[in-house]
Structures are given as structure tokens and as C-alpha cells.
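I have placed the structure first, in the form of C-alpha cells, so that the comments after it can refer back to it.
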């Protein structure tokens with residue numbers, strides 16, 4: 001290993017929502033401030049076969065879904081699992097793993113744990129014990145990242161002082177220590193862009209603007225997420241819940257307006273929400289930005305995270321206002337801690353500078369959480385709270401969270417509704433600890449759309465693969481978790497018209513029968529008169545109303561109550577599908593199945609767990625959960 005290589009710190013990250021990338025970037029900044037050259041790459045940008053040539057690697061990985069690897073890690077992980085890699089393959093490599101997860105999920109930080117074990121099995125040596133960030137912690141993942149990174153630098157400095165020629169005891173005390181922004185903005189005169197800007201009209205023009213904005217954004221969008229798959233026209237917006245009950249759940253129906261996309265039941269629709277024009281105006285005014293100016297955004301140095309698929313679309317200027325509307329989440333996402341650190345360098349009021357520096361420090365982390373994340377303050381609100389700060393556009397483009405698509409389980413069968421796609425959307429609203437009313441950006445936007453509105457959309461494969469008609473299925477979907485199973489039942493109805501179909505039973509749960517029994521008539525229609533959920537077809541509909549009696553009843557209680565039906569279906573080879581809230585429901589449902597298999601199967605608890613694990617491995621236990 002050469003001396004040059006020994007000085008390089010490689011940081012590899014795998015992210016699904018952007019948090020792991022943020023954590024990795026912070027580690028990279030801290031390394032470079034200590035004089036340590038750091039290379040920062042997404043795992044899908046790195047040739048993992050070169051790992052034996054590295055000396056020091058830091059992995060920052062998130063866990064998605066029910067213990068799944070992020071998309072950008074899948075190829076790398078498959079390579080590492082190859083059987084021909086022996087226990088000496090990574091000898092000489094020093095590594096550290098930091099994971100990001102949510103302890104509300106059953107497989108908390110599963111990806112970081114299995115990556116750590118696999119690297120060790122291949123002969124690599126851990127620098128420090130793996131760190132596990134938890135979204136459920138009052139300070140989020142940074143509560144674990146702060147002490148973990150301190151331990152990492154201390155151990156690295158002991159192992160190889162040459163990594164840190166400037167020493168580790170640096171102090172950030174002056175603006176000269178501010179990092180350079182990763183992007184540069186070029187302004188273009190209107191007369192040089194008019195011809196190319198005015199090309200196209202209608203949907204094609206909107207599609208081009210979305211692609212331009214999202215391709216230029218430093219936020220990491222995969223190539224397929226820059227240009228929408230299609231546009232959908234809203235044809236129905238119906239409230240499924242009783243007025244005044246405290247919940248607002250909508251049934252939305254869309255027609256394909258542009259290209260019709262083929263999809264399956266269980267797939268997911270991603271939507272790019274619109275932002276409030278008044279909020280966009282307020283942001284532009286607060287930041288003293290000219291909304292009519294034309295800009296292009298370029299990396300200050302070659303950075304694959306900024307150029308989607310290695311192809312830059314930033315050569316075509318875009319209106320600044322359009323870029324903000326389509327690529328910068330200025331009114332719903334809370335800024336990261338680094339945002340406050342950078343703001344502190346541009347604060348001209350001393351009391352604001354001191355407060356921002358405190359928020360950016362490890363000591364101020366908990367207070368920052370109370371002010372920022374817990375209150376869900378937006379970028380616009382934070383900027384308004386610190387009026388002396390005037391951030392350059394380069395920093396705003398880099399630091400304002402990217403406007404992300406929101407994912408919804410599709411609640412229709414394409415066989416039952418050709419040229420249409422349906423959604424079941426819970427309109428999210430809540431009150432913060434300081435009694436401020438907040439609402440979900442996308443769900444509230446969708447709820448307020450008028451009939452005929454057009455929206456950009458992307459289709460994704462979901463984690464609930466469509467069951468063949470011959471497969472018995474057990475569906476568990478409380479609340480809006482019923483959405484994909486409405487499509488499943490519709491599909492099974494169509495299939496039953498031409499072939500024999502296996503039994504299907506459905507467990508639904510809500511608070512009250514009168515208030516929020518979603519799609520009540522639909523479920524009842526198919527549970528009677530030889531419907532696919534009827535007793536006559538070997539099916540069943542079992543509903544838990546948690547608030548209609550003194551003792552709360554949930555779906556897991558109904559599963560246990562009908563254990564014999566469940567056990568009979570499991571014995572006939574049934575698959576299990578679970579959808580809904582990620583908090584406690586998936587693990588409670590799992591425990592209910594453990595109870596049934598142990599009791600009705602007359603086996604130990606350990607054997608029941610092995611049974612369920614075998615179902616998982618066989619692709620017959622599916623979970624799609626969301627927070």
C-alpha cells in the first residue's frame with residue numbers, strides 16, 4: 001500500500017431518503033477540516049471489487065422498508081455475498097459502519113448490522129464499534145452520530161496520524177473555515193435563453209421544466225426520477241371518512257392524460273407535490289432573489305451526485321422561480337444542522353450568530369431538535385427567524401432540502417379500471433408542541449385539487465408482489481393499509497370470472513364503524529353472495545373497531561380470535577400480506593401469527609418463529625409499512 005493511498009479516507013454511503021448522504025457528507029467535512037483528504041461516493045458509483053486496495057473506508061448505510069438495503073447498495077451487497085470471497089479477502093482493510101434506522105421497525109438498522117458482520121467475516125478490521133442512529137431518538141440519528149464520529153477520529157488518529165496532518169484538535173472560529181459551496185450559479189440574460197425556453201407547450205413543456213429543475217438539483221435523484229413517467233388527470237376526489245370525525249381520508253381517481261403506464265396491483269405511485277405560490281413568493285422575497293432571472297447550476301468540481309446518470313441537463317437555463325417551485329422544499333421539510341452552521345457565518349446580528357453557532361454545536365443538538373425538527377419548522381420559517389442572515393443562492397441551492405416525490409400504494413386493479421389509477425390518501429395534519437397547526441405538503445395539496453387538475457407521476461414496483469389466483473392469501477391492512485388490498489380484491493374478482501381462485505381473507509381495522517370504516521360497502525359487497533371474501537369461497541372479512549367498545553380491539557386481536565381459519569389457510573400454503581403503519585402494528589401482527597402457529601400447530605415458540613422466517617424466505621410473508 002503506497003503512502004498516497006494510506007492518506008485517503010473513502011466514505012461510501014447508501015441512502016434512500018437522503019439522510020445517509022447527509023451523514024456521510026458531514027463525516028467528509030469533518031475529515032477535510034482535519035486535513036484528511038476524503039473521497040465521498042454513493043455505493044453505486046464505486047467498484048466494490050476494489051475494496052481490497054483501500055486502507056480505510058467508512059460506510060454510512062440506511063435501512064429501508066422491513067430490513068431492506070437501499071437501491072444504491074443492492075449491486076454492492078450482492079457482490080459482497082459471493083461465496084468465492086474468502087475470509088482473507090479484505091485483510092488489511094480498516095473500516096467503520098454507521099447505520100441509520102428507525103427502532104419502530106422490527107428489523108432496526110438491519111442493513112448496518114449485516115454489513116458490519118460481512119466485512120468482518122471477509123477479514124476487514126473494525127476501527128470502532130458500529131454506530132446505530134435512530135429516527136425515534138429525540139435528537140434523531142445525530143444523537144448517535146456525534147459520539148460515534150468523535151470516537152472514529154480519535155481511533156483513526158491513533159492508528160495512522162498521517163491521515164491528519166493538521167491534527168484532530170481543530171477549532172472552527174472564523175469565516176475562513178467555511179467550506180466552499182458545492183455548486184456555482186450562472187445567470188443568463190433573457191435574450192440568450194428566450195428561444196430555447198419557449199420551445200414546447202402544455203405537458204411537454206412542463207415535463208421538460210421538471211426534468212431541467214431536478215437534473216440541476218444537488219439533491220440525489222436517480223435518472224428515472226428527473227422526468228415524470230406520465231401525467232395524471234384527477235377525475236374524482238371523494239372523502240371516505242365522516243365529516244367532523246377528526247380524520248380526512250380521500251379516495252382519488254386519476255385518468256392517464258399522457259402515456260398510459262402498465263402497472264400491477266401492489267405497485268406504488270410517486271407524486272411530485274405542488275408548493276404554495278405564496279410561500280414561494282415569500283421565500284424569493286426573503287432571500288432577495290429575482291424570480292424572473294434565468295440560471296444554470298453547475299458543480300464546483302466534478303461531482304456525480306449532482307449530475308443525474310452522468311448527463312448534465314443544466315446546460316439549458318431555467319427560471320429561478322421555476323427551479324424553486326420544482327426542486328427546493330422551502331415550506332415543509334426541516335433544514336439539517338449544517339444549514340444552521342452555514343447560516344452562522346452569514347449572520348450580521350451578534351445574538352443571531354451566537355444562537356446559530358449554539359444550534360450547530362453538539363451541546364445545542366437537543367435544543368435544535370426542539371426548535372427545528374419537533375416543531376417541523378420549514379426553511380422559510382427558519383430564515384424568517386434569523387432576519388440578519390443573507391445566504392448566497394449557491395448555499396441555498398445546496399442546503400435547502402430537495403423537493404421529493406411522495407409515495408402512495410395504488411388502490412386499484414388495472415384490470416378493473418383500465419386507463420385509471422386510484423389512491424387512498426390520509427390527509428395528514430397535526431399540532432406541534434407549541435400549538436402550531438401543521439399539514440402534510442402532498443396529502444393536503446392532493447385533497448385541495450380540483451377535478452381536471454394534472455399532476456406529474458412516477459410508477460414504482462412495490463414490496464407487495466401480486467399473488468397468483470391459485471395462491472390463498474391472508475391480508476392485514478388497518479387504516480389506509482387497506483389501499484393495496486382493495487386492488488388485490490378487485491384483481492381476484494376479475495380472475496374468478498375465468499378461472500378458479502383460492503380463498504382470500506382480509507383483516508381490517510379502524511377506530512369506529514361509523515366514522516372511518518374505509519370502503520365499507522366495497523368489502524361487504526365482496527364478502528356476501530359468493531364474493532371472493534365470502535364464506536362460500538372459503539374467504540372472510542374480519543374488522544376490528546378499536547374505539548367502539550370499552551376495551552380496544554386491533555387487527556392482531558381479530559387474527560387470534562379467528563386462529564382456526566388462519567391456521568387452516570397457512571396449512572394450505574397461504575401467503576401473508578401486511579400493510580399500514582410502521583409503529584407497532586407489523587410486529588404485533590407477527591406476534592399474533594407466532595401465537596397461532598405455536599398453539600394450533602402444537603410447536604414451540606422458536607419453531608413458530610422458524611416457520612414464519614421460512615415463509616419470508618420463500619417470498620410468502622410481505623410487509624409494506626410507513627411512518
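Each Cβ is built from the backbone N, Cα and C atoms, and glycine gets one as well.
The domain 'Flavodoxin-like' annotation in TrEMBL covers 9-153.
For 15, 16, 17, 18, 19, 20, 62, 63, 64, 65, 135, the entry in TrEMBL reads FMN binding site. Listed in sequence order, 16, 70, 111 are the same-chain residues at least 6 apart in sequence whose CB falls under 8 Å from the CB of residue 64 (FMN binding site).
Residues or ranges marked as domain 'FAD-binding FR-type' by TrEMBL: 227-467.
Residue 376 (FAD binding site) has a Cβ environment of 14 other Cβ atoms inside 10 Å. Look at TrEMBL and you will find 376, 406, 407, 408, 409, 440, 441, 442, 443, 626 tagged as FAD binding site.
Sequence annotations record features per position, and here TrEMBL assigns NADP(+) binding site to 480, 546, 547, 552, 553, 554, 555, 556, 588. In sequence order, 544, 545, 546 make up the list of same-chain residues 6 or more apart from residue 553 (NADP(+) binding site) whose Cβ falls under 8 Å from its Cβ.
Closest by Cα distance to residue 135 (FMN binding site), from the binding-site residues 409, 480, 547, 555, 588, is 588. On the backbone, the CA of residue 407 (FAD binding site) and the CA of residue 15 (FMN binding site) stand 16 Å apart.
Residue annotation for FAD gives 376, 406, 407, 408, 409, 440, 441, 442, 443, 626. The furthest Cα pair among them is separated by 25 Å.
Counting only same-chain residues at least 6 apart in sequence, those with a Cβ under 8 Å from the Cβ of residue 547 (NADP(+) binding site) are 511, 512. Of all Cβ atoms in the protein chains displayed, 23 besides its own lie within 10 Å of the Cβ of residue 15 (FMN binding site). Considering only the binding-site residues 15, 19, 62, 588, residue 441 (FAD binding site) has 19 as its nearest partner by CA-CA distance.
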